[in-house]
Amino acid sequence: MTITPRDITRRQLLARVGLTALVAGPFLSACATGGGGSQEAAPSAAAPSAGGASASANNPFNVKADAPLEVVIFKGGYSDEYATQSHEPLYKKAFPGATIKHQGIQTIGQTLTPRFAGGDVPDVVNNSGTDNLDGGALINAGQLLDLTPLFEAPSVDDPSKKVKDVIVPGTIESGLGGDPAKPYTLNYVYTAYGLWYDAKLFEKEGWTPPKTFDEFKTFAEAAKAKNIVPFGYAGKNASYYAYWMILISAAKIGGNKILLDIDNLADNAWNNDAVKQAAAAWAEIGKYMDPAYEGLIHTEVQTQQNQGKIAFYPSGSWLEAEQAKDTPEGFEYAMVPTPSVTAADQMPYEAIRAAAAEGFIVPSKAKNAAGGLEYLRQMLSKQGARDFTEKTKSLTVVIGATEGLTLSPGLTSVAAAQTAAGTNVVTFSSFEGWYKELETELRKQTNALMFGRISAEEFATKMQEAADKTKADSSIVKQTRNV
Amino acid sequence: MRRGRLTPGAVRKWGFIVSFLAVPLAIYIIFFVSPNLQALQLALTNSRGISPDFQYVGLENFTRLFGDDVFWAAVRHHGLILLVMPLVTIAIALFFAFLLNLGGGQKNGQLSGVWGSSFYKVVFFFPQVLAVVIVGVLFQAVLNPQKSGILNSVLGWFGVDPVGWLIKPDLALWTIIGVMVWQGVGFYVVLFSAGMAGVPKEIFEAAALDGANRLTLFFKITLPLVWNTVQVGWVYLGIAAFDAFALVQVLSIDRGGPDNATTVLPLEIFRQTFTYYRFGYASAMGVALVFLVLTFAALTLRVTRRERIEY
């Protein structure tokens, strides 16, 4: 799949509303601790379609067996084969009498906005892509169905477990919206962020990924001696790949509270020592970069990594699929967490940032809303999730769904990193979507920091100024998050 | 025919004029005048563009402009572009146009261009044929900061280290001005050539007979005679100096960077609109931009006004 950086931020905009990401469940392990995570967003608010007399474990939403179902899928990097060849047949298997109308499109927003306005809406929508629907606006207009009944329903594979217990904790919270917050979006795809490298190159050179920044610097010298740039990112359009790393490091030093404070525009959030230390540590590594990288775009730098010119590249788990066409024989993607900055870091080295994305919604005025919920329940079956991973080379939020699948090297390393991380998950940054002005400033200052024009101290000062300006600006709607 | 009466003749006359003017005028009003007026209206609101509900906030958006560093950075950049780009473009274009039309000396008693001038005329016009964005993409490769960049590899033959054309904050804007000049020169060569072609050859020949060298010929005869064309070119280029959106968008680091070093007003308007969804504030910036352009155009036309030479 090809995700341009902008697509990702747009997607995050929707997906990142108040994500807790208290991820407790390793992906591959069958003995996942998925049931352990406590979730707040699960009140037993009965939806109109749920809990009827004839509802059963096989049909918890009381779907009319012959009611037609209309599915609209965003046909982007993941295409829509996972729906037409897996999820829709699964639904059809459960309700053979139902006819399914499928639409795979890219302009979700433009196509569906008039339909929402007219009240003639589909039953399930994958609301993704650059041109997606404004989720917040739909929630405010009462157009979306509260998905709580879905998460409270028995799961397809094991009726004794509820759906919320078979998905990675944090998923439900990632789809919260509205006031009071309710889960309106099911984020289906699981993404992990870290440092990506060529496992084969490291094997050949006898290198191991550094676990601390001291080791990182030693490694950087070793790589430099071999004429390989130890770390690189694209300054022209993807400086946020670098600020993700700085923020992850800050959270590892000072805990997720650092990132919550930044999101909540808490006073002096950027002046926190954790932020300064993280910025200083990354700026040290930045010194090893080729200054030309500031003028390159992400694909150019990613291709340089494929050519063996760069050791580490900061990115998310879409990278391997994105570069599939350019990856030469013998290049094996792998991901590791960011190194620890201090010995007193609050989170261990293994901690990674992970998050759910690719949002699915059920319109509240759908003719077959129960069918929509059932469709999502089928998607969250092991079969549905497995098929998705097979077709898109991406992991889903369903725990243990990849058993028996041969994963690509990159996905294998992501799964291993998640298992190792356990509950040590670095949380999201919601300000990226909430406060675009602040985000733009962060991109700018990140390039200035990483390419040596300002110090970590100045970086923190400038970001604090921008945050204060955002806070003082009454025309910007403020949001807060507690988890 | 009495005035005010709809005689068949008057109907024919006015009907003719109206039928020709109505459609273009309607299009002009619908697609140009009304959006501009709406922008003026929006500039007084706090519209976010995604909801029909907004409030009028008076001049708040305009007072906000005064405290906006990025806005002032953009205005400064326009100032620099305005000082440098039209001057350099016109100087180069005049020089080329002169060489192409009159610089070749006398041939059979007639002044003509340098050898191969008809070929050069076509070549000079090439950049004008390309869409600006394509020029931008082209220069991405030319200005690539790595050793392998086209310009840098040429410099590399002479032992010059790779230059970060768009990366160095104090060089980036100059680089973009350079691209603007490259893109603009061709059109003005053709424009000035046409201007020079319109001047009767006898004037040049008379001057040449009186012993004027090429320098005198250019400054004393050619330039004053094509002054009107130069003036038009100046206004065009000045207005272009307030644009530069596409080139900055395609070429600059992080759109307008590094560190705001290349940002321009249209880019900031775009960002305010489509990234921050501040339609009201973006419209205020747009209104400010319109006033800058109008002021420039009015000033230029006034300052450069000259006696017209009849021939």
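Even glycines carry a Cβ here, placed using N, Cα and C.
Feature annotation from TrEMBL assigns domain 'ABC transmembrane type-1' to B:75-300.
Among the features that TrEMBL reports, transmembrane segment is placed at B:14-33 (among others). Counting residues 6+ beyond its ends, the transmembrane segment (B:14-33) has no Cβ neighbours under 8 Å in the same chain.
According to TrEMBL, the transmembrane segment annotation covers B:80-102 (among others).
Residues annotated as transmembrane segment in TrEMBL: B:122-143 (among others).
Residues annotated as transmembrane segment in TrEMBL: B:173-196 (among others). Outside the transmembrane segment (B:173-196) by six or more residues, the chain places 77, 80-81, 84-85, 88-90, 92-94, 96-98, 100-102, 121, 124-128, 130, 132, 135-136, 139, 143, 165-166, 222, 225-226, 228-230, 232-233, 237, 240-241, 244, 247-248, 251-252, 261-262 with a CB less than 8 A from a CB of the stretch.
Annotation comment: TrEMBL describes B:217-242 (among others) as transmembrane segment.
Among the features that TrEMBL reports, transmembrane segment is placed at B:279-301 (among others).
If one looks beyond the transmembrane segment (B:122-143) by at least 6 residues along the same chain, the residues whose Cβ comes under 8 Å of a Cβ in the stretch are 96, 149-151, 165-166, 175, 179, 182-187, 189-190, 246-247, 249-251.
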